[in-house]
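Presented below is the structure to which this report refers.
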């Protein structure tokens, strides 16, 4: 394989630039040419493709976001969109593609491989909800950003003896809430993976004030419900504290990536190139117990594949990701 391309797709995540840099420089070290595709699959279909050099990716390792830009492009799920994208790849002489993004991006990589263009998925999302890997690119930075924000909220919360409900991102996963909540000493963490009783939350907050606490922090994963609605339910259940709501929002997707995300992205990007060099495709890279691994994107659960097809052609997730609820138990023991 002599010429490959790299793209970022879906929501951006800190560390994507570090992954792009690793793909480009590892490929050049392997004697390959590298092309960048702007704005994900939309750019592929539009032919927005250009050659990258080692200098093209200089000084981007510390930058958040993705300098190739990203976009959601549902049209690529259709055969017509895939064929248009493949036409552009052929036009530029591209033989393989590295796709950095979430599970939707992986589906596109799988389709490219089926059409004869080996593609490797690299997990880039702050949500940490991709199967086949312990951690995704961007998660550590998002947790650090959320922790820093909660630390600041704690300052004002304690000054006014208030209860704060802090909503963090994560889509349907509670990883950011759990990690940021524990790191910031939250009193209560509420995640989608665990049932909760609103009356128990009220009792826990009241018990804290009765023990002499001056404030309370509740970290809420966005996949549970909006923070404003959660606050209303707290009041309806009898909470009498001075309650405030903060939604951290997209600040969690920005900012300079942490050292861990930079190193993780560099390792994953380089590993993806090595797989393409071997002519392999239809795989997603990941990290398990600090070691690089790869899994088939599509297949059976027994084969270790991330996704499988039902008899009616629908894509389903094998062994869906769930946040580590041992962390939830840990927080309940520590937040007394």
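The backbone N, Cα and C atoms fix where each Cβ goes, glycine too.
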Query = Can you tell which of 3, 154, 244 Swiss-Prot lists as binding ADP with 21, 22, 23, 24, 25, 185, 186, 187, 211, 213, 214, 215?
reply = 154
Message = Looking at the ATP binding annotation from Swiss-Prot, with 72, 73, 102, 103, 104, 105 already listed, which candidate in 11, 15, 170 is the matching residue?
response = 11
Key: Candidate from 114, 222, 232, 233 that Swiss-Prot assigns to the same substrate site as 125, 126, 127, 162, 169, 170, 171, 244, 250, 251, 252, 253   = 222
Note = A correct count of other C-beta atoms within 10 Å of the C-beta of residue 102 (ATP binding site) gives 22
Message = Using a Cβ cut-off under 8 Å and a sequence separation of 6 or more, which residues in the same chain sit near residue 127 (active site, proton acceptor)?
response = 102, 136, 139, 169, 170, 171, 172, 173, 175, 176
Ask   = If you measure from the Cα of residue 105 (ATP binding site), which of the binding-site residues 125, 215, 244 is the nearest?
value = 125
Request  = Write down the Cα-Cα distance for residue 23 (ADP binding site) and residue 251 (substrate binding site), rounded and given in Å.
outcome  = 26
Lowest local Cβ density among 23, 251, which the record lists as binding-site residues, within 10 Å = 251
